[in-house]
Amino acid sequence: LMTAKSLASKETVNGRCWFYSDDDDGISVYLNRELHAMNTVVAQLQTQFQDYLVSLYQQGFLDNQFTELRKLQDEGTPDFVAEVVSLFFDDCSKLINSMSRSLERPENVDFKQVDSGVHQLKGSSSSVGARRVKNVCISFKECCDVQNREGCLRCLQQVDYEYKMLKTKLQDLFNLEKQIVQAGGAIPQHFPSYTILRPDIRPCLDA
Amino acid sequence: MMEVCNCIEPQWPADELLMKYQYISDFFIAVAYFSIPLELIYFVKKSAVFPYRWVLVQFGAFIVLCGATHLINLWTFTTHSRTVALVMTTAKVLTAVVSCATALMLVHIIPDLLSVKTRELFLKNKAAELDREMGLIRTQEETGRHVRMLTHEIRSTLDRHTILKTTLVELGRTLALEECALWMPTRTGLELQLSYTLRQQHPVEYTVPIQLPVINQVFGTSRAVKISPNSPVARLRPVSGKYLLGEVVAVRVPLLHLSNFQINDWPELSTKRYALMVLMLPSDSARQWHVHELELVEVVADQVAVALSHAAILEESMRARDLLMEQNVALDIARREAETAIRARNDFLAVMNHEMRTPMHAIIALSSLLQETELTPEQRLMVETVLKSSSLLATLMNDVLDLSRLEDGSLQLELGTFNLHTLFREVLNLIKPIAVVKKLPITLNLAPDLPEFVVGDEKRLMQIILNIVGNAVKFSKQGSISVTALVTKSDNRAPPDFFVVPTGSHFYLRVKVKDLGAGINPQDIPKLFTKFAQTQSLATRSSGGSGLGLAISKRFVNLMEGNIWIESEGVGKGCTAIFDVKLGISNESKQSGIPKVPANPQHVNFAGLKVLVMDENGVSRMVTKGLLVHLGCEVTTVSSSEECLRVVSHEHRVVFMDVCTPGVENYQIALRIHEKFTKRHQRPLLVALTGNTDKSTKERCMSFGLDGVLLKPVSLDNMRNVLSDLLEHRVLYEAM
């Protein structure tokens, strides 16, 4: 093994640096290492992803409807959740803007418009499973019903805060997803249509 | 009779004595003559049968008249009157008549009487004959009874000794024998050994050679043969000076083997082994062997043969059964030991597996990391060595584990659905760097009809493909490598002992990896797949590895009900590795344009079901659309009631309308749709999606002619159930 040949070329492939030696065992080593590395990285990322997702549920940011939404995502529609969620956030920002305009002047508040906005927001948030946002919408609606401008303003602020917070969180989640996919792993789901992981694949290269 | 004289003169005074005597004689004659018929009558009356009464009467009359005549004669000795003479004459005349008649009658009668006598004699003879015959039958019947009893006794036991003993005892009793003995052939078959006797309790164990003429004589016939009391087989007891030894009879008893029994026919005497039964009548008894006794003996001998065979069969089967039981017990123990061993081994492996892998991974990971840092050449060399060795060790460990589990069949495939195309691309991505560096172009060809989503063991399939492709890369110094994957049909040059039969939801994947590298000597090909064997071809190969790779691949391929083989034209001419494996076709195909068929137990197929979704809220509209698309429907979305009315057509089976927005106009839609579609079957089903399900909402929906209400947000399962219910029953009123 200790031959001059072993000090072979240093190559850069796929942006990664590795040392290729001419003998055949080098191939086993390489593959083992790659797979192992890949598996480790993927495993780590996947654990991270799952933990993060679970924490989002636990902290009340998301509820069951988000799970249902994830169920609708598959190989044919790989970005479904992201699209719906981004639409939701767009909607949120638009509605919040319009509601804030309505609530601007204390003497001329168009509660009807605010009410319809809140209704929309509630509907959207319950469709995507944004639990906190939905809960705020409920109290918002109550304030609106009694035409409490102060209350409405407070709720509006809270809604704004909540949706932005959720946006950040979901962004992180999607980033993690992307990283997993890039590392060659699969997004952990709870459904049999995705295989979880391949930590034990070993290349057997000796004939 | 005296002559009647009718002279009036007295007779000459003859002798008075003479006259007196005549007188007396006549008197007695008359008496006799009168008494004879009386006697006749008396005795005839007494007897029951007498066919000749008429004759008797005649005879009686004759006698009576004769008597009367003689009586009347008494008066004619002296002077008598004319009346007496008349009476006398009458009497005589009558007598004459009757006697003539009787004489005539007797001519007929006497031959008859004589013939009666003949018949009587004949009958007597017959009776004697019948008596004799009856005696014979009785004897035979008794013999038969004896035989039955003997047979019963003999056959009531399956124990050989009991059978034989009983035979001798019963025979001795039935025939009142003095001695009865049984000679059995020895193991060598050259001698007869005295095995059983009746009287002697412990027979002296002595033998006679089997080739004696008397024995041959007895063995030659199935009948009982009388033999001399002095022959060796009959000389059982010391001759104690008896005057006359009783007659001796010997009969053969066939010893039947199991193989002699056919189903339906009595075994012919093809058997060679006989035993000899010797029966001796009591000495000094002058008894002879009667025929029926001989027959009895023959029958008994046959029965004994049968009984002995039964006993032999039973012994045999008992022995076989005992043997089998022993074997069973031994096998059971062996099996349990083997199971324990396997379990112990598996436990050991499981533990060691984890224990060994953890440090191994650590070594490999850290060595790899180390390798990428700045190192001096010596250090790099060392690190590389460490990495190589530990990598090989890890591979070896895993292989051995896999192989041992494969060997005893405890390895099972982990089936799941995966993307086949992606798998191939992954493998190639892994191998590409090496191939690029070695300047071996790799191409991947996937057949167009290759299914994308399949069911199988993804891990192991990847392992197999990696192995094969890796080998191709490893053993090629130049040339290109091509990987082809296709669906194989049954006639595709498979090795002759393997036939591919595609079944409904499965298919056979064929992967061909062709390289132009070192090639393999065709003679070495069979050895490739045996574990631990490695082809040492020339100096290009460095030894390393355990040779398990292909062996394991072959086992995995076999587990997947497939086959793997290598074709090579020789050293230096490259080689092609081909394998077939059986994979299932997954239900889930997600290409655009191909509607998804959900794998749910409800068979309702929503593929291509046209639905219309009306929702003013963009987000919830998108979610509902996603839901329905996931279920395979073709969804059109509208955001307002007007648009809905414009777009709705009879092609849409269901219209989902959101009625959350406060206001009644939403429900108007339903009415307008009802108006638009007058015929019921053309009208699409109307379902309201609402945020609250209180009674008023439901009632309102019903009053506006909607077919169902759903609570938002709808889960996937809910939507599926609802759709199938709706399509089945055309109505759905459920609050969720």
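Residue numbers in this text run from 1 along the chain shown.
The backbone N, Cα and C atoms fix where each Cβ goes, glycine too.
Taken from TrEMBL as is:
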BINDING   B:Cys66, B:His70  Cu cation binding site
BINDING   B:Asn471, B:Ala472, B:Val473, B:Lys474, B:Asp515, B:Lys531, B:Ser546, B:Leu550  ADP binding site
CROSSLNK  B:Lys712  ubiquitin cross-link
DOMAIN    B:351-587  domain 'Histidine kinase'
DOMAIN    B:610-727  domain 'Response regulatory'
MOD_RES   B:Asp658  4-aspartylphosphate
TRANSMEM  B:21-42  transmembrane segment
TRANSMEM  B:54-73  transmembrane segment
TRANSMEM  B:93-114  transmembrane segment
List the Cα distance (Å, whole number) between B:Val473 (ADP binding site) and B:His70 (Cu cation binding site).
166
Proximal residue to B:Lys474 (ADP binding site) among recorded positions B:Cys66, B:His70, B:Asp658, B:Lys712 (C-alpha distance):
B:Lys712
Residues satisfying Cβ distance under 8 Å from B:Asp515 (ADP binding site), sequence separation of at least 6:
B:Leu440, B:Ala472, B:Val473, B:Phe475, B:Ser476, B:Gly479, B:Ser480, B:Ile481, B:Ser482, B:Gly574, B:Cys575, B:Thr576
Positions on the same chain near the transmembrane segment (B:54-73), where near means CB under 8 A and six or more residues out:
1-2, 26-27, 29-34, 36-37, 40-41, 44, 84, 87-88, 91-92, 94-95, 98-99, 101-102, 105-106, 109
Any idea what the Cα distance is from B:Lys712 (ubiquitin cross-link) over to B:Asn471 (ADP binding site), rounded to a whole Å?
57
Taking only the Cα atoms, work out how far B:Leu550 (ADP binding site) lies from B:His70 (Cu cation binding site), in Å, as a whole number.
152
Mind looking up the mean pLDDT for the domain 'Histidine kinase' (B:351-587) in the predicted model?
77
Cβ neighbour count (within 10 Å, all chains shown) around B:Asp658 (4-aspartylphosphate):
22
Against chain A, with Cβ pairs under 8 Å, which of the binding-site residues B:Cys66, B:His70, B:Asp515 show up? Give them in sequence order, please.
none
Hey, which bits of the same chain come close to the transmembrane segment (B:93-114), Cβ under 8 Å, at least six residues off its ends?
52, 55, 58-59, 61-62, 65-66, 68-69
Around the Cβ of B:Ala472 (ADP binding site), how many other Cβ atoms lie within 10 Å? Please give the count over every shown protein chain.
26
Can you give me the same-chain residues 6 or more apart in sequence from B:His70 (Cu cation binding site) with a CB-CB distance under 8 Å?
B:Asp26, B:Phe27, B:Ile29, B:Ala30, B:Tyr33
When DSSP states are folded down to helix, strand and coil, where does B:Lys712 (ubiquitin cross-link) land?
coil
